[in-house]
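Trainee: My questions all concern the structure below.
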């Protein structure tokens, strides 16, 4: 079972409990919204993964694919889980998270036990980015209201990718930021699910703003992250006809790749 | 509905029909095996996608995430589909493909209507590869038995990525090959699901051979492919502790990116 930190806002907000008759129930915390009260997709994925872990002999989500059926706000939710065969190496389950409005998210959750995972080959070393203290905080110091998600995460953008905030869009849709939970809880695979969907769309970097709802998102967790900051890089590699990918990589504080994800999202035309 | 070509071996082998009481039935064709009678995962995904399309107002799978629960052989199969909300832009369904041995694959299938999809940004132009005629055919001319899949696809490896076949492994786990269906049928989104899982593991390129069973695979179809050959590139970007990703890109004969996929797979230690 994943360790819970009772004092962690993230753990409290993603807690699930076994429901009578199977599955799990959760209380969606309106604080993890990205604007207009709409909850962040990675936040919902973390809840679905927790529900799937209840029925797994393994403690870590290593592959989670989620489809977002409708935008969700805070309130009570239920998660039904259909468990597949569980083996010594891994187990699988399909989770459906529903609110009063109906099914909000379906997720395939593969769980395993991540221990020492020695690296044989790595194509993507952590890019060189200034230390978090020299980066640009997402939380505005001037009192401008920010979405709840931005308050619950400590996000520090690589200044090389923030030209768009000053009217100087980049040539390439790429955002990079240090990230950690504001509550001081260290990163783990559940937090990586959140981090993989927490940056704005990478198209912001080229000055193309607007909400880009996720259609389908796959996150692969490749190793347990070390304590400290994670570096999150989000890139659009193909933008076409109102659709874009968001290709994300996450390195931990030791420079190790700990997660990679890809989503298909809709772009405002 | 996707066009069926009655004379196409691929269309015959992936055909589904509506089952009494809902869902679909299919006959898994043992010819699409990768060795030892075990069916190719992309082949199974195409069947699951066809079943999901039966219940969708849209004709094309644009995002398919599949979890592979157990290896499957030829024989009768059923596919249950739970449809999510369907909109003007896209629809979602969860398909479960089962054989006599139990559930073999779960798949989240997002369907849409792909028409003209103008490209705004593309980070990965098609790599320069010799023409198919100057490449290395996967089907051995010397009568050495090959898996059924290799007979049903025309695969021509970029000679720059075939050193491993002659005892000269490369420094980088990357394979590239032209691909088309042997039956002459032109590529479409369903064929791209097959192509995304049809190359050997990219680790072969560095001389690390052996079966690498897929755990979870996401394929995004980004545009309708033009007729002719597709170029498929498969790369391992992170190999660690017996796990690897397989990152795949597919370009059509005009050089356009038409699909991208990523899977988590187990590597033989």
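Each Cβ is built from the backbone N, Cα and C atoms, and glycine gets one as well.
Not measured: the values here are computed from a predicted model.
Take a look at what TrEMBL says about it:
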DOMAIN    A:29-111  domain 'Acyl-CoA thioesterase-like N-terminal HotDog'
DOMAIN    A:132-265  domain 'Acyl-CoA thioesterase-like C-terminal'
Trainee: How many of the residues that make up the domain 'Acyl-CoA thioesterase-like N-terminal HotDog' (A:29-111) does DSSP mark as helix, as strand and as coil?
Mentor: 17 helix, 43 strand, 23 coil
Trainee: By DSSP, how many residues in the domain 'Acyl-CoA thioesterase-like C-terminal' (A:132-265) are helix, how many strand, and how many coil?
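Mentor: Taking the domain 'Acyl-CoA thioesterase-like C-terminal' (A:132-265) as a whole: 27 helix, 50 strand, 57 coil.
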Trainee: Any idea what the model's mean pLDDT is for the domain 'Acyl-CoA thioesterase-like N-terminal HotDog' (A:29-111)?
Mentor: 96
